[in-house]
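Peer 1: Swiss-Prot lists these features:
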DOMAIN    71-262  domain 'RNase H type-2'
BINDING   ASP77, GLU78, ASP172  divalent metal cation binding site
Amino acid sequence: MPTSIKAIKESLEAVTSLLDPLFQELATDTRSGVQKALKSRQKAIQADLAEEERLEAMLSYEKALYKEGYQAIAGIDEVGRGPLAGPVVAACVILPQHCKIKGLNDSKKIPKAKHETIYQAVKEKALAIGIGIIDNQLIDEVNIYEATKLAMLEAIKQLEGQLTQPDYLLIDAMTLDIAISQQSILKGDANSLSIAAASIVAKVTRDQMMANYDRIFPGYGFAKNAGYGTKEHLQELKAYGITPIHRKSFEPVKSMCCDSTNP
């Protein structure tokens, strides 16, 4: 067994089980540096085990469908139903069977600093990805609920021509008029790994779009607020008026449009 604290730390990094004999051997080492390293590694392993258990639980819908004979399960989710500006974006993602991506969760639960890393991990592992984007003008024409459906259908359509085609859809709280077997799951982005994958793809895609809009329409804070009605956003609306990407069917934008047409 290594004796220097540095060597012990290196040995601990290779340990992946809480039952590893090295833990018992080091338990009698009275050096504070060793005990600190020991506890740190045990804590890290416990966190990894908890994450593995969480990811396994989020595959429950997929595993049941694999047993029924389905091969390519697509998760579908959207981002951007609530903002005052910008599009609604949906993603359709097919992951390999039993695929687990550390940290993948409902995009609202993932720290923003980790969005890009997990997004890239999904892109690398996914068998197929489709993205549907419905702009603010069509949202105003058909309403946000119907626009969300259109975005999801477009995301599925984007899979055409890719090697893997979905034979089952897991959808976050929505039912689609399409000839593919499907299941609507309430809070699906927190309960299905496939839907969670779609959630982060849609989130990062939309955030990138809003960052671009921030450069085109500076002053509204689109890169920061993503078009949502924050206090600062509402203040800028009052000061500068609406932009071409604001949703005229959403309040208070709707009232501002009406006010501007009245003498």
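Glycine too: its Cβ is placed from the backbone N, Cα and C atoms.
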Peer 1: In the structure shown, which of the binding-site residues ASP77, GLU78 has the fewest other Cβ atoms within 10 Å?
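Peer 2: Selected from the binding-site residues ASP77, GLU78 on minimum Cβ neighbours within 10 Å: GLU78.
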Peer 1: Which state, by DSSP, holds GLU78 (divalent metal cation binding site): helix, strand or coil?
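Peer 2: It is in a strand.
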Peer 1: May I ask which residues of the same chain, at least 6 positions away in sequence, place their Cβ under 8 angstroms from the Cβ of ASP172 (divalent metal cation binding site)?
Peer 2: ILE76, ASP77, GLU78, SER184, ILE185, LYS187, GLY188, ASP189, ILE195, ALA198, SER199
Peer 1: I need the neighbours of the divalent metal cation site defined by ASP77, GLU78, ASP172. Which other residues of that chain put their C-beta within 8 angstroms of the C-beta centroid, in sequence order?
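Peer 2: For the divalent metal cation site the neighbour list reads ILE76, VAL79, ALA90, ALA91, THR148, MET152, ILE171, ALA173, MET174, GLY188, ASP189, ILE195, ALA198, SER199, ALA202.
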